[in-house]
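Peer 1: In case it helps, Swiss-Prot gives these features for our protein:
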type	residues	note
ACT_SITE	93	active site, proton donor/acceptor
BINDING	244, 332, 338, 368, 440, 468, 471	(E)-cinnamate binding site
MOD_RES	187	2,3-didehydroalanine (Ser)
């Protein structure tokens, strides 16, 4: 094994080549691999653990942990070397010496020294156990898996049987209780990891969470897990091997990054859906723009959005409306849409780099001293310094904050009728806008989420304090940064859930808009032909030429500017149709002087007839949409983004929201948020991209 490692090292002595190779391929393919790994029923610890494997075991699902049996020999060699070296009088840190700044002290009582290590490191506070001072069980499970993965590599001087016991606890879903706070992740996560050691050694203060959520002591924990042997009496170095590592910080970081990768992909797809419902211009995804910028994250983000928008029924309709009247909206969309690939691309690059950094960390040997059996020596170093965790988590959290900022900007445009290209204010879906304020509360909530998320974007790693008698004078704060990033992920999921519900509301509003517009055009056409086509004698009337302009007026007018009262003289529809008739009357010349040929004389009859029938037609169109019998089916069914809409509306059973119903936005958002926490959105997300070949559309 050592020879093979040296051979690889000579080929790539600084590991830059391997690090670069790990980032090859698309981010989408990387996410697909993560999801596939997450769903495997067995995780075998073979020194190639991924963040997805850690996240799967952390979730406490049916994923089983198996140790690589071939590791038993090298683990035993390392353990035996420690025992032999102590018997031979070798002076080794943490075996015959004190710890940290007091390592000048000496003892020959190796077992007692390990017991004392665990005792003095049990310095955490748990409160009542229910008031938020206990590390979540999922994070503890992640830490257990990562620590075992490190110790299996055979450089730490610990018995294989201890690792088997930790794996047994994992498989039985029995989780030691660890304090939420109290580690600086250098020299490793000493305080929290000491509670795992405390459980396997049977310390009286050790507690665990049973599969049913109850708290049990160490003896009950072993019994529930089916562990027959008693508690371990630690041999020299074994306590230090268990606590002197970065597993708690890197374990939680693994969980965080699994979600961050999925959520960043979701943000790309939601930007595409945002373009669809906003009648945006897909030109912003053109590959040449992004090719000339060179950044791979941006190029992929644009290509994914391009794929979502290619052939989209909404984009076809938006193009048609744009050709009808190029001045209906600005020449370019606002930055939240038009520069979304440029904004998201760097965040994806940061998250990918952090993912690989953490995967290197969870597969590293990160305790001290390291036992090199081949050279017969203990090497004193500092791999316990969790700087890759602190830095990666700070960077990831800043990326998450940036994604949330973009999402909030897009949401703010979506609910604002000055910017959303014809959708109602606050996405109000009811008949009476004076009694329906739609997503107004949701926008306030989104502002709150975004503000907190931007605060969390501040770094943790610049708040280092010198610790442990100035021995640990620089330290990574890895777990603290991981915890803050986990908070940020939670907030981004709240924002994503809220945005997704709002986008589905907008999709349904576009469906209603199209059906109401068609109904209005049909009604106006019928009324125009009835009242404007002929005079009292049945002769063709000049007013008949108004029909085309009347229909063009309807096409240009925002449906929700008049839908609640289509014949109101205060609303633009009737005003603009009247203006059409007046303009034709002014152009009618001398014929206007005679009542039989006057266009203006037809105006009152036209409006009177329209008032009699148009409100009924609009209500009928609205009712048909609500009943599922609309003449024009919802365009979303023809789009690549449909799986996400189907997930929210069909699978989760959320509703189109109106002030007339009792259902609140928060109730619907909560359904999506809970499902997102359970990972149920992932399949729908990936289905949106199942046809993408991993490349931008060719330039032509």
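Cβ atoms are placed via backbone N, Cα and C, with glycine included.
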Peer 1: Among the recorded positions 187, 244, 332, which residue has the fewest other Cβ atoms within 10 Å of its own Cβ?
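Peer 2: Among the recorded positions 187, 244, 332, the sparsest Cβ neighbourhood within 10 Å belongs to 332.
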Peer 1: Using a Cβ-Cβ cut-off under 8 angstroms and a sequence gap of six or more, which residues of the chain neighbour residue 440 ((E)-cinnamate binding site)?
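Peer 2: Non-local contacts for residue 440 ((E)-cinnamate binding site): 415, 426.
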Peer 1: Would you kindly give the Cα-Cα distance separating residue 187 (2,3-didehydroalanine (Ser)) and residue 338 ((E)-cinnamate binding site), rounded to the nearest Å?
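Peer 2: Distance between the two Cα atoms comes out at 46 Å.
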Peer 1: Which site among 368, 471 has the most other CB atoms no more than 10 Å from its CB, taking these as binding-site residues?
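Peer 2: Counting every other Cβ within 10 Å of each candidate, the maximum falls on 368.
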Peer 1: Of all the Cα pairs drawn from 244, 332, 338, 368, 440, 468, 471, the residues the record ties to (E)-cinnamate, which distance is largest, in Å?
Peer 2: 58
Peer 1: Among the binding-site residues 244, 468, 471, whose Cα is within 10 A of the Cα of residue 93 (active site, proton donor/acceptor)?
Peer 2: none
Peer 1: Three-state secondary structure of residue 332 ((E)-cinnamate binding site) from DSSP?
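Peer 2: Once the DSSP labels are grouped into three classes, residue 332 ((E)-cinnamate binding site) ends up as coil.
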Peer 1: For residue 93 (active site, proton donor/acceptor), list the number of other Cβ atoms lying within 10 Å of its Cβ atom.
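Peer 2: That number is 17.
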Peer 1: Measuring Cα to Cα, tell me the gap between residue 244 ((E)-cinnamate binding site) and residue 187 (2,3-didehydroalanine (Ser)) in whole angstrom.
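Peer 2: One finds 6 Å between the Cα atoms of these residues.
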Peer 1: In whole Å, note down how far the CA of residue 187 (2,3-didehydroalanine (Ser)) lies from the CA of residue 368 ((E)-cinnamate binding site).
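Peer 2: Distance between the two Cα atoms comes out at 9 Å.
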Peer 1: What whole-number Å value do you get for the CA-CA distance of residue 332 ((E)-cinnamate binding site) and residue 187 (2,3-didehydroalanine (Ser))?
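Peer 2: Checking the Cα atoms of residue 332 ((E)-cinnamate binding site) and residue 187 (2,3-didehydroalanine (Ser)) gives a distance of 54 Å.
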Peer 1: Which whole-number value in Å describes the distance between the Cα atoms of residue 468 ((E)-cinnamate binding site) and residue 187 (2,3-didehydroalanine (Ser))?
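Peer 2: Per the Cα atoms, residue 468 ((E)-cinnamate binding site) and residue 187 (2,3-didehydroalanine (Ser)) stand 10 Å apart.
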